[in-house]
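Engineer: Taken from TrEMBL, the feature domain 'Major facilitator superfamily (MFS) profile' covers 1-470. Marked as region 'Disordered' by TrEMBL: 495-514. The transmembrane segment annotation in TrEMBL covers 25-44, 50-71, 83-105, 111-133, 200-223, 238-261, 268-287, 377-403, 415-436, 448-466.
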Amino acid sequence: MAVAGAIIGAAVGGWANDRHGRRSALLAADFLFFIGAVIMAASPGPATLIVGRVFVGLGVGMASMTSPLYISEASPAKIRGALVSTNNFLITFGQFLSYLINLAFTKVPGTWRWMLGVAGLPALLQFSLMIFLPESPRWLFRKGREEEAKAILRKIYPAEDVETEIQDLKDSIDKEIREEGTSEKINFRKLWQTKTVRRGLIAGVGLQVFQQFVGINTVMYYSPTIVQLAGFASNQTALLLSLVTAGLNAFGSILSIYFIDRTGRKKLLLISLFGVAVSLGLLAGIFHQTTTHSPMVTVASGTKFSNMTCPDYGSAANSASWDCMKCLKASHPDCGFCSAASDKLLPGVCLVSDDTVKDLCHGDSREWYTRGCPSKFGWLALIGLGLYIISFSPGMGTAPWIVNSEIYPLRFRGVCGGIAATANWISNLIVAQTFLSLTEAIGTDMTFLLFGIVSVVGFFFVIVFVPETKGLPIEEVEKMLELRPLQYKFWEKKKRPEGTMEEEEKLDKKNQGV
C-alpha cells in the first residue's frame, strides 16, 4: 500500500511541482510522511496501519520525483551532477540507518510501533529546514517572478557567473514559450510524436522498469525474509545480516559517484547488469541446493512435542519421505520445523506453528524454522546477496536516475521525468506484490532465476536503446538522439553530430570569458 501510494504521489507530484513549486511540493511530501508515521505508530489494528502506509507512500512518491528536480534547479552548475548523484547515496545510506534503527528496536516493548513511528522525525526535521530554503529559480522564472529568481541566483552563484546564468535561464524559458505557445502548455501527443523525446522515453522509462524488475527492492524490502529462507532462523540475526546488504548498497552508491563520469553511464550499466545476472544465477543455484537437501522429518512420539505434531504430517501416507521443506509447505494449519538440538542439519520434528510451540522448541536448545530450512549453504547465499547488491548499486542503482535527468530536451524534462518516476513505482509495486507469492508458487530458486533472465534481457536493452550521455552538453544529447542509429557496438566511439564541435568551442570560449 505504501508503494501504491507512491505511484499516486509521483503522478500528482508532477502537477504539484508545476502549480505550486518544488519547495512547496517537498513541504507537502514531508507533511504527508509525518502524518503517516504518526498514524502507523498509533494504529489500533491493520486497517489503520494500512491508511498510515498510504500517507507515507504519497509523501515518498512526491519526494522521489521532486528532490532530484529541486537539487538540479537550485544548485550551481559546476556541482549539479555531483549533487544529483549524491542524492542516491543519501537514499541508500538512509536505508542502512533504518536497518540499524530497526535492529536496536527488536528488543524494545512495542517493537514495530517504534520502528514505524520514528520515521516521522526526519520528515519533521526536513519540513522545519525547508521553510528556510529558497524556491527553485527556474520555477520562479516560469511563473514570471523574475526578480525573486534573480535574487536567489545571486545567492547561489558567484558574482562573475550570475549574470550569464540569469541570461541562459531567461533564454531557455523564452525558447520554451516560442516552441509551445506558452510555458505552461503540455501536449502529450506532441511529446510522443517528437523523435528525440520518444527515443528518450523508451530509454529512460525502460531503465526505470528494468531497475525494478531485476528485483532490487525485493532484496531490500525482504532481505530479512531472504536471509531466513537461506536457513538463518533468528529474526534478530536476519535483521543484523540485512544490515550488511544495506551497507553494501550505500557503499555501491559511493562507487557510482566516482565512476559515473569516468566509465560512462552505458558501460557502467552493462557491467552492473552482467554482475547482477551472475549473482542471481548463483543465488538460484544455492537456493535450489538448499531446497533439495533440507533435513528430514522424524517422528515426535515419546517427546514433549508428541501432541503438537503437524496434522498434515501425521495423516500423510508417505510421511517417511517428508523433509523440512515439505513441512513448511503444510497449510492446514501452518507448520514449522524444530531442528535437532545437537546439529541443525540432522532430522528434526514437524510441528504446528504457534508461539507456544516456538517457545518450547527454543527452550529445548533447538532452532525454529518457518520460512527456510537449515542448510550448510546459508553463508553462500549471503555472499550471493552481497555480490548482487555491489553489482547493482553503482550502475543500475544510480544510472537510470542520472540518465533520466540528462536525456530529455529541456522543455520536456519535467513531464518526462514524472512519467519515468511513475513507471518506476508501478514496477516496484508489481515486483513487491508478487515476490512472496512467486517464492511459494515456483520456489525461491526459480524466482531468482526469473530475475536473472530479466537482467539478461535488460543487458541487451541497454546495448540497443540507451545512448551514452557522458560529458555531452544538453543540446548535443538532443541532436544525438535525433541523428543516432541504434548502436549495438557500445564500445566504439560514436561520431558526434555535425555542427556540435563548433558549438562546443563557442561554449568553451564563453566560459573562459573570451
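If you go along the chain as it appears here, the first residue is 1 and each next one adds 1.
Yeah, the Cβs are placed from backbone N, Cα and C, and that goes for glycine too.
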Engineer: Could you tell me whether the transmembrane segment (377-403) and the transmembrane segment (238-261) have 3+ CB pairs under 8 A, leaving out pairs under 6 positions apart?
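Structural biologist: With 3 or more qualifying Cβ pairs, these stretches touch.
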Engineer: Please average pLDDT over the domain 'Major facilitator superfamily (MFS) profile' (1-470) for the predicted structure.
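Structural biologist: Result for the domain 'Major facilitator superfamily (MFS) profile' (1-470): average pLDDT 84.
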Engineer: Can you name the far-off residues of the same chain, 6+ from the ends of the transmembrane segment (377-403), with a Cβ under 8 Å from a Cβ of it?
Structural biologist: 68, 81, 84-85, 87-89, 92, 203-204, 207-208, 210-211, 214, 216, 219, 223, 226-227, 229-232, 241, 244-245, 248-253, 255-256, 259-260, 265, 268-276, 278-280, 282-283, 286-287, 289-290, 420, 424, 458, 466, 469
Engineer: Report, as numbers and ranges, which residues of the same chain sit near the transmembrane segment (83-105): CB under 8 Å and 6 or more residues beyond its ends.
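Structural biologist: Distal contacts: 67-68, 71-72, 75, 111, 114-115, 118-119, 122, 220, 236, 239-240, 242-243, 246-247, 249-250, 252-254, 256-257, 260, 393, 397-398, 401-402, 405.
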Engineer: Can we call the transmembrane segment (448-466) and the transmembrane segment (111-133) in contact, meaning three or more C-beta pairs below 8 angstroms at a sequence separation of 6+?
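Structural biologist: Checked: the transmembrane segment (448-466) vs the transmembrane segment (111-133), no contact.
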